């Protein structure tokens, strides 16, 4: 999982989308408060930080991460418009592992992310092909098949299924799915997740009897995907 703290909604959403298209799990946050809440629930493998943030800036967030034993060695890359040599040196001296000035190309960002994860010994990009029972999801081709039969999904249905399959066997709360699939800035009811899960199950079942049972409801918590025993 990659966390990106950036207050510009357009930059944040575009970057998170590009990372997901490259096969990573990624989630964006507009400010420090939301980021630290997410860290308490699940530590990421890498953090991307803007410097000029409201209330608590990126360098302050970096200091907090480096002072906490749980996140002291967490790979951190600064992504910021402050791109002078002095700014770069300040960021690296503060404990950043890499520094990329805006505007940056997504191909370069993905390459640097992979390099940081390799150095940290963390998983690189997630598998391109995910399989659970008869369901096969190919991230790069944006396709889903059940028992070899193609299944047409909407963008959100595809992202929802991908989030569940990338976390096979792990229960994801409705709020986690809202943040991962719809983005942290999404404002709505968690019922949205339930509706999309229902239509997703219907499409899987239409392709193959029983395929919908792969998506399991954990009452009061959320959903998970499990392969048949």
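Including glycine, each Cβ sits where the backbone N, Cα and C put it.
Quantities reported herein were computed from a predicted structural model and do not represent experimental measurements.
Under the heading domain 'Response regulatory', TrEMBL lists 1-117. Residue counts of the domain 'Response regulatory' (1-117) by helix, strand and coil are 54 helix, 21 strand, 42 coil (DSSP-based).
The 10 Å shell around the Cβ of residue 50 (4-aspartylphosphate) contains 22 further Cβ atoms across the protein chains shown. Feature annotation from TrEMBL assigns 4-aspartylphosphate to 50.
In the predicted structure, the domain 'OmpR/PhoB-type' (127-227) carries a mean pLDDT of 84. The feature domain 'OmpR/PhoB-type' is assigned by TrEMBL to 127-227.
Per TrEMBL, DNA-binding region is recorded for 127-227.
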